[in-house]
Amino acid sequence: MGLQQGFVTWFVGVLFLTTLLLSSADVHHYEFFVRESNFTKLCNTTTLLVVNDSYPGPEIRVHRGDTVFVNVHNQGNYGFTIHWHGVKQPRNPWSDGPEFVTQCPIQPGTNFTYEIVLSDEIGTLWWHAHSDWTRGSVHGAFIILPAKKETYPFPTPDADQTVILESWYDGDYKQIIDDALAAGVSPRQPNAYAINGHVGDTYGCPNDTIFRMQVDSEKIYLLRIINAAMNEHFFFTIANHTLTVVAQDASYVRRFTRDFILISPGQTMDVLVSANRNVGQYYMAIRPFSDSSAAPIDNITTGIFQYTNSEGGLNASLITLPVMNDTDAMINFLNQIRNTNVSQNPRINVPADKDIKRRVFITLAVNNLPCSTCVVGSRLVASLNNVSYVSPSIDILQAYYNRNMSGVYTEDFPLNPPVIYDFTGNLTNLNTPVEEGTRVIVVNYGEGVEMVLQATQMGAGGSHPIHLHGFSFYWVGTGFGNFNNKTDPSTYNLVDPPLINTVHVPGRRWVAIRFFATNPGVWFMHCHLERHSSWGMDTVLIVRNGKTKKTSIRPPPSTMPRCPGT
């Protein structure tokens with residue numbers, strides 16, 4: 001399929017959605033007041049920056065194709081931004097949110113209104129702060145219901161329930177990462193994990209609360225599961241119940257049933273569960289997964305799946321979850337995820353080999369750089385292709401759009417690893433050179449793009465959830481060991497690959513993604529393990545304008561926050 005033909009196919013595939021949504025789309029307005037509030041958990045009171053005095057923050061609930069305006073008032077002590085995770089924002093990078101990429105921070109005592117433009121997203125997404133570590137407490141669900149004349153491609157649930165998985169720290173999230181960066185060391189571990197803000201009954205404080213989901217016998221429920229944790233992949237289960245996965249990252253997938261799911265930071269999953277067991281109370285539970293030598297704390301956090309009129313104690317006190325380092329469970333779960341050819345999804349339009357005009361092979365690593373002021377004489381950094389991202393002081397989108405600012409970024413991100421080695425082997429004595437810089441990838445509008453993301457054993461190794469703003473992409477391939485560009489492409493799934501926005505790159509493996517670059521703008525790409533992103537495992541994709549107004553970036557709103565010192 002040629003480039004022009006590929007775009008036509010994509011356009012025809014979503015034409016039915018456009019016709020449907022234009023006739024029924026609504027406009028919604030929300031007010032977010034972001035300020036410090038006190039919360040008591042683990043028998044300790046902590047002051048957090050939150051939205052509307054709630055943790056997690058308020059839920060946005062709209063229909064597919066709607067437009068949402070969110071007026072964000074900064075009543076806190078420092079600047080921040082908000083990102084609408086998984087929303088493509090066609091031609092509208094100005095409201096995407098990552099700090100110093102598409103905007104400068106909203107300063108204390110000011111406000112900024114985001115315009116969130118929905119297109120073909122369906123299901124569960126989320127929003128979160130995108131400055132330092134403030135997303136740890138500034139986050140919430142973004143629920144996109146079917147359009148008003150649209151149905152689900154599965155049995156209509158009797159009700160739905162948002163389930164947000166979180167990392168709980170006793171302390172200010174921004175201060176935690178600021179202290180770690182100053183010392184050059186890894187930030188401390190969370191004190192607990194939480195479900196919808198509740199830490200459950202496993203941490204020993206008698207005052208802690210547990211999340212309870214009340215259900216009626218024989219009813220079907222849609223769980224909207226969001227992993228908002230800072231650095232933890234999670235296994236999730238409901239004791240004695242089966243989970244049917246129906247969507248990931250706001251796109252429907254072929255239904256499959258498991259006793260547990262695996263969900264990485266940044267990802268969302270829609271899961272059906274039938275309340276078809278004996279009336280009672282059953283644990284829901286999460287436990288971290290890790291294939292890294294820098295493992296998280298192996299805590300289990302609980303909630304309760306409670307049938308109406310149930311009496312007495314828990315029917316199932318035994319929680320069955322894979323052990324924390326069960327890589328077979330991880331791989332077997334990921335291998336189940338496939339696209340589904342239903343009318344509610346965009347027509348599957350995977351770039352074919354001849355459509356690919358830009359190939360990028362990226363290694364993911366954690367490294368060290370000398371540091372005379374740090375506690376051990378060096379500091380931890382992270383890199384993509386041996387480049388550790390440095391955040392500029394003026395946002396890249398402004399510099400790119402205005403064309404009158406130099407020195408903000410360079411267009412020379414390496415498209416291949418500058419040093420070739422056995423990426424997944426024993427790297428004990430290997431120390432590859434790392435450069436710091438703000439180096440971006442530039443592609444032309446409409447080009448087919450392939451990216452191969454290679455996990456390495458540099459540093460602690462392990463999995464990385466890689467998120468690309470502005471796009472959903474097709475996850476077309478994965479394999480163990482080092483990617484071979486001659487033999488591995490023959491294993492790609494170009495028939496029904498999942499359409500996602502955050503891909504789990506397992507340790508000692510590679511993944512390949514493909515997409516058409518049909519969204520002009522400046523788009524952040526980063527690891528959603530927050531410590532890795534803070535250390536520089538990030539880059540920026542710039543998609544040039546097309547030849548028409550409708551294939552070009554929209555003009556900026558006049559109310560964009562000013563950059564410090566400008």
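Quick reminder: no glycine exception, Cβ is built from N, Cα and C everywhere.
What you see is a predicted model, and the numbers here were worked out from it, not measured in a lab.
Per TrEMBL, the features are:
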DOMAIN    34-147  domain 'Plastocyanin-like'
DOMAIN    161-309  domain 'Plastocyanin-like'
DOMAIN    412-546  domain 'Plastocyanin-like'
REGION    547-566  region 'Disordered'
SIGNAL    1-25  signal peptide
Overall pLDDT of the domain 'Plastocyanin-like' (161-309), taken as the mean: 97
DSSP-derived helix, strand and coil totals, residue by residue, for the region 'Disordered' (547-566): 3 helix, 0 strand, 17 coil
Residues of the domain 'Plastocyanin-like' (161-309) by DSSP state, where helix covers H, G and I: 11 helix, 73 strand, 65 coil
Secondary structure content of the domain 'Plastocyanin-like' (34-147), with strand meaning DSSP E or B: 6 helix, 58 strand, 50 coil
